[in-house]
Amino acid sequence: MTRRLIERAVIAASWLAALLLFALFATMLAFLAVHAAPALDGDLLFGDADPWRAMIGEEMVWDGLWPALVGSTLLTLVALAIALPLGVAAGIAQAEFDSPALRASRAMTDLLSGMPSIVLGLSGFMLIVLLRGVWPDANVSLLLAACCIALLILPYPTVATRQALLRLPATLRLACDALGMSRMQAIFHVYLPECRQGIGAGAVLACGRALEDVAVILLTGAVASFGVPRSVFDPFEALPFFIMVTASEYRDEQQLARAFAAALLLLGLSALLFTLARRLQGKSVR
Amino acid sequence: MRTRLSGALLLAAAQVSTLWVVLTLLLFAWLGRPLWQDPAALASLAGFSWNPAAGQYGLGAMFAGTLLLSSGALALAFPLGLLCVLFVLALGPRVLAQLLRQVLTLMAGVPTVVYAFVAVWLLVPWLRDSAGVGMGFSWLAASLTLGLMLVPTVALPLIGVLAPADASLAPVCDALGISRAQRLLWVTLPAHRPLMLSVLLVAAGRAAGDTLIALMLSGNAPWLPHSPADPLRVLSAHIALSLATDTESTAYAAVYASSLLLLAWVSLSHLLSRRLVR
Amino acid sequence: MNKHRIAAAFAGLVTLFAATHAGAADIDAFKGLSGKLDVAGGTAHIPVVQDVARHVAKANPNVRISVSGGGSGVGIQKVGAGLVDIGSTGRAPSAEEVAKYNLKPFQFALDGVAVAVHPANPVKNLSRVQLADIFSGRVDNWKTFGGADQRIHLYSRDEASATREVFVDKVLGKGQSPAANATVVASNGAIKTAIARDKGAIGYLGLGYVDASVKPVAIDGHAPSQENAKSGAYPIVRGLYFNTRGEPNALASAFYRYLKTGEGQSLIRAHGYIPAF
C-alpha cells in the first residue's frame, strides 16, 4: 500500500509542479508585456527607417530591433547547419561503433556539454587573436560566432542521437540483419528515421540554446550597432546581446522598455523556430 | 568505398569535441603563463582570498560558490523537471500536458539574461522585503532562478526519449492491468536510470557554466557565504568580471586558471558519476 | 587590408569632388573617407559611438562604424591584435599594455562617479568620512545619518571596475576594499536597477546613468553635476579613453576630430559625460 501512497503523492506533486511552471511562465510573460508596452509600437523593428527599404538592405536601421532580429536568426540557422549534421554523425559513431578513441570521444562530448559558454567564447576569441599571426584577415564575425555556438550546442544532437540509437529494440537490428542490409543502410534508412523524435528533441534544445546565448557571441562577433550583416564575415547584432547591453547600460525607462520588448521578440522568434522544427519533423513522418 | 568513406566521416565527426576540448586546454594552459611563472601568485591560488591589489589570487571562494550554486539549482530543477515529465507523459490531462510541453519548449529558448532580468525586478525585491532574506541578491535568488531556467533542460530530453519507450511498454502493461501512472513510475523510469544521469550531468554542466544568472543575481561577493541569504561569487561570473582587468596583469591570467578549474570540476563530476552508475 | 583602405580613401576622394553639399558642418570630419571603423571594449562608450555612427551614416554612407562591448580588457586585446581599430577603456591603459601593443590613448571624456540612494531615502548629503564608514561596514543603519531605522545595504562593483577603483581611491583610500558582504553587481545599469528597488540601498555609479529612479547624494556639500566634476569641486571622477595601436588611421582620426567639434561634444554631453577637451 505504500506504493499506492507514493503514487498519490507523485500525482499531486506533478500537478503542483505543472501549475507552478504555468504560473511562473505566465508571470514572466505578463511582466515582460507590461514593461515592454511603452516600446511596442510601429517603430519597434525599424525605428524611423522605411521598413521596406530597410528589409532589402537599402537603408540602415538605427532605432529598431530589425538588425538584431535578423542577426539572431542567421546566427541560429548557421550554427544549426553546422552542429546538426556533425552532432548526428558523432552520435551515430558513438552508438554504432566501438573503439578506445570513440569511448574517449563520448567522454569528451560530456565534457564539451559542461564547457561554460564564456569559456567557449574566450577560447574562440583567443584562437582568432592567435590566428591573425598567420592569417591577417581573420576577425571576429558571424561565422566565428556561429562556429563557437555550434560547438556549444554540439552535445545536444550528439547525445540525443546516441541515446536514441542505443535504445532501439534489438528486434529491429535483427530484422535489418535478416534482410541483408549493410550497416550503413540500416543506420541511414531504418535506425535514424526510427530515432526522429529523440533527435528532434535534441535539435529543439540546441536551437533554443543557440538563440539565447550571450556569453559566446559577446566575445566572438556580436556588436551593439552595425546593421544587417552582408556576409558571414561581418559582425552582427543579436537580440540577447542587445538585452544584455541595455540591462547594463540603460539611461532611461524608454530604453529599458525596448530591452523588454526585445525579450518578447526573442520569445516569439523561438516559438516560431520551434513550430517550424515541429512541422519539419511532422513532414518526415509518412 | 562509399561505406568506408561515410564510416570515416562519422568517426571524424565524433572527434570534433575531443579536438576542441584538447585545444582549449592547451590554449589556456599556455595563456595562463604569467600566473604559473609567479610562484607567490601560484601559491595563493588555492586560498580563499581574492585581492589582486594585495597579490592574492585565491579562487577557493569562487570554486565553492560554483559548487553551492549548482547544487542549489539542481536540487530545484531535477525534481521539478522530473515531475513535469510525469505530468506530460501520464499524469496530466491531455490538453494541459501538451500545453506544458510547449511551455517547456518555449522556456528552453528564453535567454538566461531574460530570466535574470525578470528575477532582478521581481524575485530579488520579494526575497528582501517579503521573505526577509538579507539583501536579496544571494545564493538563494540565483539558485531559484537558475533552477527554473534548468527545468526544460531536464524535462525535454527525458520526454523525447521516454515517450516512445513508454508507448512500447503500453501493450504489456495494459494486459497486466497497470495504469499509465504506474507504468511510468515503476517500469519506464527505473529502466532509464542511465539516461536520467546523463540528463542530470548536462544540467549540472549548464548550472556550473551559466554566467549571466549568476552574474546578475548572486551578489558576486568573493567570499564563502554563511547562509543561502548571503551573496556568493561563482567561477563563470568571476571570468566575466575579470575580462575588464588590465590584460597584462596576473589577475587577467587568473581568468584562464578559473576556466581550467571550471573545466576540471566538470570533468571530475562526470568521472565520479560514471563510477557511481556502475 | 591597408591597400584596401588606401583604395577606399581614393574612391572617397572622388566622391568628395563629386559632392555637391558644400556647407562646413562638423560632420565634415568624415568627408571623403570610406571604409569600416570598428570600436570595441568597455560598455560605457557604446551609446556615444552609436550616436556618432548614426550621424556619420546619414552624412557619409560610405563609412560604417561598428560598436561592441565585452569589457575594457577585451577592448585592449582586440585593438592590440588588430581585430578592431579602436579599443575603448573606462580606465587609462596600464603602462604594460601601452608598451606591449604600442597603444596611443585618447581621453575623450570624464565621467563623474555619483553616490546614489533610494529616492525615498531622506539623506541628502554625506561627508567622505561618513561614506568611508558606510562602505567599510562600520556604520550599518541609516538612523545614524538622519534616515529611517533601516539597515544599510551596500552595492559595489567588482575589482576590475574602473568606477570602483576611482571610488575606493577617493573615499576609502588606496588599497582598501569595501565591506566583504557588499553585493557586487556587474554594471552601471545593474547597480541603478538594484538601488531603485531597495529602500536601504547605497551604491556608486557613473553620473551619466543617474535618472529619476535613484537619488544622488551630495558629497561634502558638492552636488554631483557635470559642472562640479569639471571644475574639480566634485571629487570622484574617472577618465574614458579610446586607444589605437600606433597612430590612429584616417577614419580613427576623423572620429577623434569629430568628437572635438561642437556637435561631437554635445553628443558626449548628451550621454552624461564631460568632454575632456
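Backbone N, Cα and C define each Cβ position, glycine as well.
Bear in mind that the values here come from a model prediction, so they are computed numbers and not experimental data.
Residues annotated as domain 'ABC transmembrane type-1' in TrEMBL: A:69-277.
Per TrEMBL, transmembrane segment is recorded for A:65-90 (among others).
The list of residues near the transmembrane segment (A:111-134) in space but at least 6 beyond its ends in sequence, with Cβ under 8 angstroms from a Cβ of it, reads 140, 144-145, 147-148, 151-152, 154-156, 159, 213-220. Residues or ranges marked as transmembrane segment in TrEMBL: A:111-134 (among others).
Through the fold, the transmembrane segment (A:140-159) approaches residues 71, 74-76, 78-80, 82-84, 86-88, 90-91, 94, 109-110, 112-113, 115, 117, 120-121, 124-125, 128, 199, 202-203, 205-207, 209-210, 213, 216-217, 219-222, 229, 231-236 of its own chain, all at least 6 residues removed from its boundaries and within a Cβ separation under 8 Å. According to TrEMBL, the feature transmembrane segment maps to A:140-159 (among others).
Look at TrEMBL and you will find A:214-233 (among others) tagged as transmembrane segment. Counting residues 6+ beyond its ends, the transmembrane segment (A:214-233) has Cβ neighbours under 8 Å at 57, 60-62, 66-67, 70-71, 74-75, 78, 116-118, 120-122, 124-125, 128, 139-146, 148-149, 152, 240-245 in the same chain.
Residues 29, 32-33, 35-40, 44, 65, 68-69, 72-73, 76, 200, 203-204, 207-208, 211-212, 239-240, 242-243, 246-247, 250 of the same chain lie 6 or more positions beyond the ends of the transmembrane segment (A:256-277) yet place their CB under 8 Å from a CB of it. Residues or ranges marked as transmembrane segment in TrEMBL: A:256-277 (among others).
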